[in-house]
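See below for the structure under consideration.
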Amino acid sequence: MDPSDFPSPFDPLTLPEKPLAGDLPVDMEFGEDLLESQTAPSRGWAPPGPSPSSGALDLLDTPSGLEKDPGGVLDGATELLGLGGLLYKAPSPPEVDHGPEGTLAWDSGEQTLEPGPGCQTPEVMPPDPGAGASPPSPEGLLEPLAPDSPIILESPHIEEEIPPLATRRRGSPGQEEEHTQGQPQSPNAPPSPSVGETLGDGINSSQSKPGVCTPTAHPSLPGDGLTGKEIEKPPERVQKRSERVRRAEPPKPEVVDSTESIPVSDEDSDAMVDDPNDEDFVPFRPRRSPRMSLRSSMAQRAGRSSMGTKMSCAHCRTPLQKGQTAYQRKGLPQLFCSSSCLTTYSKKPLGRKTCTFCKKEIWNTKDSVVVQTGPGGSFHEFCTSVCLSLYEAQQQRPIPQSGDPADATRCSICQKTGEVLHEVSNGSVVHRLCSDSCFSKFRANKGLKTNCCDQCGAYIYARPGGLGPELLFHDGQQKRFCNTTCLGAYKKKNTRVYPCVWCKTLCKNFEMLSHVDRNGKTSLFCSLCCTTSYKVKQAGLTGPPRPCSFCRRSLSDPCYYNKVDRTVYQFCSPSCWTKFQHTSPEGGIHLSCHYCHSLFSGKPEVLEWQDQVFQFCCRDCCEDFKRLRGVVSQCEHCRQEKLLHEKLRFSGVEKSFCSEGCVLLYKQDFTKKLGLCCITCTYCSQTCQRGVTEQLDGSTWDFCSEDCKTKYLLWYCKAARCHACKRQGKLLETIHWRGQIRHFCNQQCLLRFYSQQNQPNLDTQSGPESLLNSQSSESKPQTPSQTKVENNHTVRTPDENGNLGKTPVKRATPSVPTPPPPPPPATPRKNKAAMCKPLMQNRGVSCKAEMKSKGSQTEEWKPQVIVLPIPVPIFVPVPMHLYCQKVPVPFSMPIPVPVPMFLPTTLESTEKIVETIEELKVKIPSNPLEADILAMAEMIAEAEELDKASSDLCDLVSNQSAEGLLEDCDLFGTARDDVLAMAVKMANVLDEPGQDLEADFPKNPLDINPSVDFLFDCGLVGPEDVSTEQDLPRAMRKGQKRLMLSESCSRDSLSSQPSCTGLNYSYGVNAWKCWVQSKYANGETSKGDELRFGPKPMRIKEDILACSAAELNYGLAQFVREITRPNGERYEPDSIYYLCLGIQQYLLENNRMVNIFTDLYYLTFVQELNKSLSTWQPTLLPNNTVFSRVEEEHLWECKQLGVYSPFVLLNTLMFFNTKFFGLQTAEEHMQLSFTNVVRQSRKCTTPRGTTKVVSIRYYAPVRQRKGRDTGPGKRKREDETILEQRENRMNPLRCPVKFYEFYLSKCPESLRTRNDVFYLQPERSCIAESPLWYSVIPMDRSMLESMLNRILAVREIYEELGRPGEEDLD
């Protein structure tokens, strides 16, 4: 039948909102007036009408009764009689007694109906208070009864005749469709629906067309007249929201957004989700569709008319006897014989039919199809016609032939033969499972992690939009659910009520916060306020009770605590605790932690999750928040779902990791995949392929793109702007914010940026949400006198969240009936997020995740223990005989053990070593005793010779008459070093305050101070020594090679012998003391003259060893500027350099290991000395020699030449390059490179034979040699100058070739092929054992000039340049 054939009132879209059968008024309790009404009008109870005294029903005089309301409902029996136009005699009403307990007692009786002309089968109508009988008093109707109150039934059997064309709406919610005629009713159906239909009001009666009479027979209630109280209209029925929801259409599963939280009251929450533990819990049953086929309705009415209405217990099916006490649950029409049957029936599981083909539960019964099909011809029910077609096609499909058909359909778990529900392919084997339980067992046995729902067991398919399943952490495990319905069902099933540990408030476990203490005990709290108070209490930080820190009231019990910046605050209530969180106690910029809600002013720990940014005060709060909110993601390396540890970007894609180990392993694999082109971007820190490379200030940076390079250079050049204050300059703070790099001036700007991002100003918005933002969430409810009653009889009162809501109230109306007002419109909510904000803090934390401890158990975190045996001496007492017998005593005896020694040597020295060993074998006899005697004799002889030589030298020095003999003595032998040492010691004795360096060592040798005449008498110092040649490598021409090589061996013996005096440090120390004494001779110096180190003045000490590094730095700088001779004249720059070298040697000999010429602490002194030496020019003596008081030997003595440090090695290389290559300017030194300075070795012939000579050659650039080569072609090639340094074989410690090789070994290997750099800057953090001493940054010009000025003050530099054959270099 087409739905359009039905009249419009039966259209489900146009049905009015009416109460259904089984719903009682809110003031009527269980069991009272049960059989009075199955349905009630939405406007309340029908008003009483006139009561005829004869008890008969009169006809309507006017056709006004034909007017119907839009819902098609006829109120009162007078309107029904007006439709038929006939008069029927009403039967005598049964006697109704109101017992003392409010039960209804009535007698049974046969009700006869006489059909009139033109009428169909008569229908039994419900009683009407206005149809000639007095209605019961409102007090009797509204008298409350206890739940499950008994009902005394006196006549349980009533027969009913139903017209076949009447269409009825079943009143009980969730009641299934009636079976056809001839089928018994199901146990879940009401046992006697005719009772409600017989004794209800006339609302459910069908509409009648004009000309069709609907005779009714209805018993009237007792009462002959109406009192004033009875005439009054009963109070308007107030419907709860829970009743409205249960009477609504079958609900569809809603998808609840977990990010939004709508404030609901306790009543609303009970209406939305029913608790099976509640007494009024009604299992969900789909309501029968109001549009039934005509055939099914006729069959139902025919079946009802043929069978009696004898009532029985809905559980045990026991017939109810007359006068027996019946039990009924509120809102349900079923009757029970005892309380046990009522309780057992309420706990029965919900029975639903399943589809034969797809095995799913049939929810919508109107679309179901019942057919007789299959091989056995039995009846099967399908959810849709599609399943029926698929089932028939499956039955017609030929069955494949197999060897054993039983094995093909046998379950792999329970080994039962039947239908296969699941097929699992594990490897190459296909497992068939018959049920969900077997599927769960299979997953447990195989250890499979299938994405199945933990509530219903169904497989969770991928949701649209890439959304994953619903997740919930409960009891330390992660639960998965296919939808929000299963999630709600799981919560309802596992909900428990526990008291808060702090405030003892009862709360549900899914709404509480858990805290695990040090002992592993878990405590539950109702809010963060109680959690924080408990932590402060456990830490022992609570002091004596004080007034509330917010409202200054006295504290209640329990009081609440909070700790902010090492200060504990006390509060009287959670509201004061919450309000205090939004205020800054110190007035600065403070952020609120998203976990503990405490204020902090440091750099926050940031977490980005689901397009939101969360801030935390510390790392611990961030980790707890991740476990609490279930911040779980799939690790990119191990592919397991764990807590999120870190998010990193690889080639522009953000990837999640569960631990630092997974980050390192994934980065290692990623680097191997990309190879050498894999870099980490200097700006955005992502690992990707190299895009752009930039070099600046000696540093090389790699970037992923040109954009990152531009932004980084702006930040590096201090041209970027702060994202908070928009200022341009040096930005110290850098963060990653939503995939972008943000820079800030300092931490204050960073905090201001965070506070602006997460705390919008809601007070500037218009609407009621601004008021909600300013009002407190703990405002007291208004008194009834302050509430405003509106026209729709609702009162606006603040709910538990501080929001104004509508609460229905009872209103006593006068006796004159007034039409009810229309339903009020829905209240618009302008700012839904602002109204939900107070609830987001409490409902957002459903349960605390405790998977950290459980997750870490899968990893091998315990280190591997290795047993290491350690010998421990143990004293074992040995019994002795008290010295009466011989006792063994340990005795040590040395045993020679041959130990092989490997001596590093070369091929040249191997033969000499073998010869020396042979000589020792010949020299040392085979008898060890004889060898010891010979060795002792040699030692005694050598000692006697040394004593004799020293005594002769002392006599020679003390003898004044041996002056002529001293002049002829060869003091250039081995004894000269001893004489030099003696001279230095003697010079130290001359510690007089009036020492004058330039007077003792004048430019003219004839003006020598008599106090040091003995030095010249001993031959230590002489004018002829100034021009003494040393055999050291120097530049030469090609034509002079053979001459130089032939003479090299003869001069090798003289190359290591110095021709100068030793450095006398007493001049420098005495000059320092005299300068300090003269500086402070006249008391304190003026403020302009005194030295200052920062804001404090500095006083120089006379003892140079007692001065600190800063005092020595500034003191030496002023010493260089102010030092003068005793006669007041200014010292020459070379003399000042000599004095400073003496101070350096004095510091070293007194174990003060500093270098005042190279250390960075003495930069001020070095700059001042450089200014003095830069203007100095050497003095040419009358004998055409250059005079300088600084000699090469002085530099060796005070460790300015050698390999003591990287700077000293550089100074040594520059000294040799200046001395032998003739490079006297910084430009010439900067032209040196690793490619034009080459080490070469060649063989040459000497009078002693053929020898191998190793040297360093410098091939100067072409532009340097262009001006020097002026002759014709052949002559030009012959006179071409070769700059060369040859090795010093007699003294390898001063060999330039060895220094050059050592310098190459300490330089980076990548720079050894460079043609633009030679001198490199030392590494700041290198030590002597470091493999590299120098960086890739070349020395700057200023440092080279400072070192070169000190080298050019040495006398030997000019002596080497003035040798024959060097004139072509100028």
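From the backbone N, Cα and C atoms, a Cβ is placed for every residue, glycine too.
From Ser265, Ser1027, Ser1310, the position flagged in Swiss-Prot as phosphoserine is Ser265. Annotated by Swiss-Prot as zinc finger, the relevant range among 614-648, 894-928, 1174-1208 is 614-648. Between the stretches 71-106, 431-466, 1079-1114, Swiss-Prot puts its zinc finger entry on 431-466.
Per Swiss-Prot, the range carrying the annotation zinc finger out of 334-368, 964-998, 1209-1243, 1314-1348 is 334-368. Record check of Ser269, Ser699, Ser950 in Swiss-Prot: the feature phosphoserine is attached to Ser269. For the zinc finger (334-368), the DSSP-based tally of helix, strand and coil residues reads 11 helix, 3 strand, 21 coil.
With a 10 A radius on its CB, Lys330 (SUMO2 cross-link) counts 18 other CB atoms from all the protein chains. Same-chain residues lying 6 or more positions outside the zinc finger (431-466) and placing a CB less than 8 Å from one of its CB atoms are 409-414, 416, 418-425, 479-482, 486-487, 489-490. According to DSSP, Lys322 (SUMO2 cross-link) is assigned to coil rather than to any helix or strand. Helix first, then strand, then coil: DSSP counts for the zinc finger (569-606) stand at 8 helix, 9 strand, 21 coil. Same-chain residues lying 6+ beyond the ends of the zinc finger (523-561) with a Cβ under 8 Å from its Cβ atoms: 498, 500-503, 505, 507, 509, 511-517, 568-574, 576-580, 596-598, 841-842.
Where the zinc finger (701-735) meets the stretches 479-513, 569-606, 655-694, the count of C-beta pairs under 8 angstroms peaks at 655-694. If you measure from the Cα atom of Lys330 (SUMO2 cross-link) to that of Lys310 (SUMO2 cross-link), you get 22 Å. Predicted-model confidence for the zinc finger (479-513) is 89, expressed as mean pLDDT. Secondary structure of the zinc finger (655-694) per DSSP, as helix, strand and coil residue counts: 18 helix, 12 strand, 10 coil.
Cβ contacts within 10 Å of Lys322 (SUMO2 cross-link), excluding its own Cβ and spanning all protein chains shown: 12.
Summary: among the recorded sites (Lys310, Lys921), the fewest other C-beta atoms within 10 A of the C-beta are counted at Lys921.
The CA atom of Lys310 (SUMO2 cross-link) is located 136 Å away from the CA atom of Lys921 (SUMO2 cross-link).
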